[in-house]
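Chemist: First the structure, which I've put down as structure tokens, then a few questions once you've had a look.
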Amino acid sequence: MDKVSEILLLKSIVKELVEKIKKTDFLTYFKKLSIVSIQDNSVSFWVISSFAKDNISFKFYNEIKAIVTSQYPNIQFIDFQVDANIDNPSNHKVIDCFKEYKDLTTKKKKEDFEDSNSSEWTEIKTINDKYNFDNFIVGPSNQLPFSACEAVSRKPWASYNPLYIYWNVWLGKTHLLQATGNQIKSKFKDKKIIYTTADRFANDYVTNVKKRTLEKMKEKYRSIDVLVIDDVQFLSGKEQTQQELYNIFNILYESNKQIILSWDRAPRELTELEPRLRSRFEWWIIVDISEPDFETRLAILQEKARAREFIIPQEVAEFIAYNAGSNIRELEWILNQIIAEYELHNTPPTIENVAQRLNKLAITNSLLWTTKKHKMSIKSYDELIDIVSEHFAINKKDLLWEDRRKENMIPRQVAMYLLKNYMNYTLERIWNIFSWRNHSAVLYSCRKLELILKKNQNLFYEINVLRDKLGI
């Protein structure tokens, strides 16, 4: 690829990112961009700092890769490196992202002004076809919002209308909302749907006010059958936009049109909204999503690996699901790192290799699931159960049986903790040994013990004594 082609690729990346991501994200992370090298199937980019590198890799890896591969299908891998001299004026292969942003937004405003006489309906093309119900992982944390959205997609306007969903960021809300839109589009092809973000809605409002075409905007929104607005919290402080949204809600609701909103808080906590808008939200159908539990995180990770046609060992997947944070974007980022390590450096996805990567990224759950190798004198879990039972002077059957008597709970938690942390047993294997309800109960038991150990020095001593007995 020659210099001209490199610059054109960089410009196309910047152009698409400006259109797809939030202004604050773009201006925070993208200051300068350059291409380091291009090999047969990979591209390396220069960025201005480690801060930019980490955040771009974490938040926008998939978007940038998609842009690159759309122009160069042979490119399979991309990565980012820090260039301390990227600001050097003599480097003509560097794109000034701030300048590009200004030029692109100025051009867009001009085009919008020239197109101000057009009032025809055009569907907003922001629903991504890759999001559907089939690849959305359902667990206890998101069962209710999933069921509500699925019901809406089967019979819009009839039930769960309006629907208000609130949750923290990066827990799968965009996937679920867009999957709902896609399902409605496939079943009701004649219906008009708008999926947008609060930021886009606010920009649409401001642009039409400036152009004195607000009535055309109102007509566009009044003519639709389904309105989905994501991240409504970004309307905070925009009183006039809130007023317009309130009016649109009333018209759509009275016309029996489907409305779905997402927020990061419950309606009663929306203190920065107009009281009547907040009051209106409070009598909607409200569902919330909590952080995914271990099993759901594990299933999400495995589904994303399957979609990438990458085989990840079960014990490695469990290790990641246990140690990573609860948001889905973080799981996806970790998977991207592992795949890149394997494809670029032939580094196999083992627990040891993944642990090193997680430590470098500083996003682990304190790596409580230890990866240290021990020379063990015991050969099986039966020996460990026997020694733990003898040490705490309880019956082996009581140790294995699930009950809530305190005299049995601590020894049982200790046995699970030792099996997982020092014999490297998977949660599924421990679950089978103790015949418990599910993996989550085992994980909860181990985590509870870890919290107790931070405060109870006597128990910490007991475990060290047991480790000596077990030779681990």
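Positions of Cβ are set from backbone N, Cα and C atoms, glycine also.
Note that this is a predicted model, so its numbers are computed, not measured.
Quick paste of what TrEMBL says about this protein:
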- 1-115: region 'Domain I, interacts with DnaA modulators' (REGION)
- 126-342: region 'Domain III, AAA+ region' (REGION)
- Gly172, Lys173, Thr174: ATP binding site (BINDING)
- 343-472: region 'Domain IV, binds dsDNA' (REGION)
- 380-449: domain 'Chromosomal replication initiator DnaA C-terminal' (DOMAIN)
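What's the neighbourhood like for each of these?
Modeler: DSSP classifies Lys173 (ATP binding site) as helix under the three-state reduction. Long-range Cβ neighbours of Lys173 (ATP binding site) (same chain, at least 6 residues apart, Cβ-Cβ under 8 Å): Ile165, Trp167, Asp230, Ser262, Ile289.
Per-residue confidence over the region 'Domain IV, binds dsDNA' (343-472) averages 76 (mean pLDDT, predicted model).
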Chemist: Do you know the DSSP helix, strand and coil residue counts for the region 'Domain I, interacts with DnaA modulators' (1-115)?
Modeler: 65 helix, 22 strand, 28 coil
Chemist: Under 8 Å Cβ-Cβ from Thr174 (ATP binding site), six or more apart in the same chain: what's there?
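Modeler: The list for Thr174 (ATP binding site) reads Tyr131, Asp230, given in order along the sequence.
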